[in-house]
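Below you'll find the structure, written out as structure tokens, and then a few comments.
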Amino acid sequence: ESSNAEISVFEVNIRFVGGLLSAYYLSGEEVFRKKAVELGEKLLPAFNTPTGIPWALLNIKSGIGRNWPWASGGSSILAEFGTLHLEFVHLSHLSGNPVFAEKVMNIRKVLNRLDKPEGLYPNYLNPSSGQWGQHHVSIGGLGDSFYEYLLKAWLMSDKTDEEGKKMYYDAVQAIETHLIRKSSGGLTYIAEWKGGLLEHKMGHLTCFAGGMFALGADGAPNDKTGHHIELGAEIARTCHESYDRTSMKLGPEAFRFDGGVEAIATRQNEKYYILRPEVIETYMYMWRLTHDPKYRQWGWEAVEALEKHCRVDGGYSGIRDVYNNHESHDDVQQSFFLSETLKYLYLLFSEDDLLPFEHWVFNTEAHPLPVLHKDNGNKEENQK
């Protein structure tokens, strides 16, 4: 209560609440459960808006929320308010207090009653009016983990959350129709949609979607399982190409498919690599779900590049230009390098029974959360 700082509701949820929940489920230590719930309670004032769509930023001391000043017309961001679901369901499960789950189920209710342009979810939603902001759609930053959490909510519910399932597969159908394209060189990519116009650019963040499509393949409707696996494999291949076409064999922040260019960054401010995990995350899912050895090979290429170009005296650093022959380090080791990049690499080279998908889902920061098995409502259920 004492701190007057403004926090990001989304970042605190995925990193701190998610981390505390995982620490509890992996260790059984009561202090982690208690702190996760306490922290969750401190986030609740963010939902005090006319629609219940939470603010992006919250002053923990005053309980006053606001949105990012740059976001379209005072909007909240899809990937931020859409990436609370897994953690808040677990908070209700562990505290016995239904308020957490109610807050995130209400977000779904608001989204379901809104018209979606072409079945797509814009990245911006105004928490006061309950209307969409600009019609920008992205599976990369600002949109990404909303889709991931629809699928994982269904999986984490032991496949009982039918609403999450339907929302996910309907969204994937719209994404396939409107955003997924194939370059003249045969690379499948996911473009960005701006009010009906496509920008033929794919961000590193979007590369997570290969793993998502593969993870969701098993539950896909009308015999589309093979198709979803293939889609995952194609995205993995494109993202591997974005790495392979650089000097350092590490991928840029964003790469383009226009003007004869394929899977290459054309702008200086998109040539950096900040130790991001999404490509390796997709390799890990593809390996677990297909056991094609190329995914371990591609993962090892990334390990060698990280060791060669990113290792520094104090740890690992991001790189300012992956197309350059000599390193210019940014001198930052992001926290997701430890929670995600290295964890997904470790899992890629481990057996499938380490944190098996039948029993665990990873939150968007790679903190493992147990599947809430329906045969057992007891909170100590699956200490596997």
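A Cβ is built for glycine as well, from the same backbone N, Cα and C atoms used for every other residue.
TrEMBL: automatically predicted annotations, no manual curation.
Annotation comment: TrEMBL describes Glu11, Glu253 as active site, proton donor. The annotation active site is assigned in TrEMBL to Asp144, Glu278. Annotation source TrEMBL lists disulfide bond at Cys207-Cys239. Residues or ranges marked as Ca(2+) binding site by TrEMBL: Thr364.
Positions of TrEMBL features highlighted on the structure.
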residue	record	contacts (Cβ under 8 Å, 6+ apart)
Glu11	active site, proton donor	none
Asp144	active site	Ala79, Ser138, Leu205, Thr206, Phe208, Ala209, Thr364
Cys207	disulfide bond	Ile235, Ala236, Cys239, Ser242, Gly251, Glu278, Val279, Glu281, Thr282
Glu253	active site, proton donor	Gly203, His204, Ala265, Glu270, Lys271, Tyr272, Tyr273, Ile274, Arg276
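Scoring each of the recorded positions (Cys239, Glu278, Thr364) by how many neighbouring Cβ atoms lie within 10 Å, the top position goes to Cys239.
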